Amino acid sequence: MRIAVLPGDGIGPEVTREAVLVLEALGLPGLTLFDGDVGGIAYKRHGHPLPEETLTIAKACDAVLFGAVGDPDCDKLDRHLRPEQAVLGLRKELGLFANLRPAKVFAGLEHLSPLKPEIARDLDLLIVRELTGDVYFGKKGIRQNESDEREGWDMMSYSESEVRRIARVAFRSARLGDCRVCSADKANVLETSQVWRDTVIDAASAHPDIDLTHMYVDNAAMQIITNPAQFGVILTGNLFGDILSDLASAAVGSIGLLPSASVGDRKTEHGLFGLYEPIHGSAPDIAGQGKANPMATILSVAMMLRNSFGKEAEAARIEHAVETALADGIRGGDLGGTHGCEAIGAAVRERL
Ligand code: ATP
Ligand code: MG
């Protein structure tokens, strides 16, 4: 098990350290960690937010554990040298076309959700978002139209092969749960969504165990808020996924608890290659103060073990330890508590 550890900037190193200690505490045979610089720290040390050396390490590993990037010192740099570019570069270089974002309200933390507690309790879904296509990457421009005013345009498109490969990721993810997949599109008005829906239906025909439904994305947004229990996996494109995943995270209401994964179709000897990271950023406002909640990064390790190494039992052990710690009142500042980063990490390890 070769894992690249890229802590990055701000609270990245603090939360990653605790997550690595949790991983090491499992005592998995053959675990080897490789450290790399990424983000603002990499710019300062090597002149680039994603140095060649880091990329080589990541490519030679079975999975990447990523902290966070973002450094106020780098705000004035050229766009391609900004820390945030490292994430885009890694996705591109590693062929990571799918983003997996679980949104789950933990028992006892319903009050952090803006939803009613009885609705929040049932929020436990996974958004599978396509990352490399859609309107963000289509032809675009600004033109002077017939009325002689500026008109911006961006082309939305998805090919069948692009849809098929993200659908397969959603089906694989659904199988780790209860096999429900809801595809969110706008097939009533968009040609892109017509191809999307037809292709998802066709791809599902080879997977009879998958319980596939379809929903217009505007309705899906409403249903995440009003009746989240109906969702297992939500499969969607880049634009809709961008919006739905932030919506779902906000519905959970605790930024320091949510992990994420980016995967492609590259297989390793252990399973599927993936990059795992908390959804929060580098949080420069609390960096270096020992206040960050490492649970999102610790849960990213659980996601890694399940998705890239097929280690369901170990993943469940970590998740259970986090849930037990929360149930025992271990809370970071983001959850209205007073426990620091190291104390939370230790509390989770004790409960492994
Ligand atoms: P980015 O642009 O990198 O997404 P951001 O400015 O959106 O950064 P985050 O870094 O995600 O912000 O943080 C948003 C707020 O949440 C900040 O006030 C930060 O201190 C807090 N926060 C984020 N992550 C954590 C964490 N793990 N533990 C505690 N507080 C956190
Ligand atoms: Mg942000």
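Backbone N, Cα and C define each Cβ position, glycine as well.
Now, the feature entries from TrEMBL:
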- 2-348: domain 'Isopropylmalate dehydrogenase-like' (DOMAIN)
- Arg91, Arg101, Arg129, Asp218: substrate binding site (BINDING)
- Tyr136: site 'Important for catalysis' (SITE)
- Lys186: site 'Important for catalysis' (SITE)
- Asp218, Asp242, Asp246: Mg(2+) binding site (BINDING)
- Gly281, Ser282, Ala283, Pro284, Asp285, Ile286, Ala287, Gly288, Gln289, Gly290, Lys291, Ala292, Asn293: NAD(+) binding site (BINDING)
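Known features from TrEMBL, placed on the structure.
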residue: Arg101; record: substrate binding site; DSSP (3 states): strand
residue: Arg129; record: substrate binding site; DSSP (3 states): strand
residue: Tyr136; record: site 'Important for catalysis'; DSSP (3 states): coil
residue: Asp246; record: Mg(2+) binding site; DSSP (3 states): helix
residue: Gly281; record: NAD(+) binding site; DSSP (3 states): coil
residue: Ala287; record: NAD(+) binding site; DSSP (3 states): coil
Report summary line: Comparing the Cα of Gln289 (NAD(+) binding site) with the Cα atoms of the recorded positions Arg91, Arg101, Tyr136, Lys186, Asp242, the shortest distance belongs to Arg101
Query raised in the report: For Asp218 (substrate binding site), which of the recorded positions Tyr136, Lys186, Asp246, Ala287, Lys291 has the nearest Cα in space?
Result: Lys186
Report summary line: Near ligand 2 by the Cβ criterion (under 6 Å), the binding-site residues from Arg91, Asp218, Lys291, Asn293 are none
Query - 10 Å Cα neighbourhood of Asp242 (Mg(2+) binding site): matching recorded positions from Arg129, Lys186, Gly281 - result: Arg129
Report summary line: Between the binding-site residues Ala283, Ala287, the one whose Cβ has the fewest other Cβ atoms within 10 Å is Ala287
Query raised in the report: What count of other C-beta atoms do you get within 10 angstroms of the C-beta of Arg91 (substrate binding site), across all chains shown?
Result: 18
Requested in this report: Around ligand 1, within a Cβ distance of under 6 Å, which of the binding-site residues Arg91, Asp218, Asp285, Ala287 show up?
Outcome: Asp285
Query raised in the report: When you average the Cβ positions of Asp218, Asp242, Asp246 for the Mg(2+) site, which other residues in that chain have a Cβ within 8 Å of that mean position?
Result: Val217, Ala221, Leu239, Phe240, Gly241, Ile243, Leu244, Ser245, Leu247
Query - Inter-residue C-alpha distance, Arg91 (substrate binding site) and Asn293 (NAD(+) binding site) (nearest angstrom) - result: 25
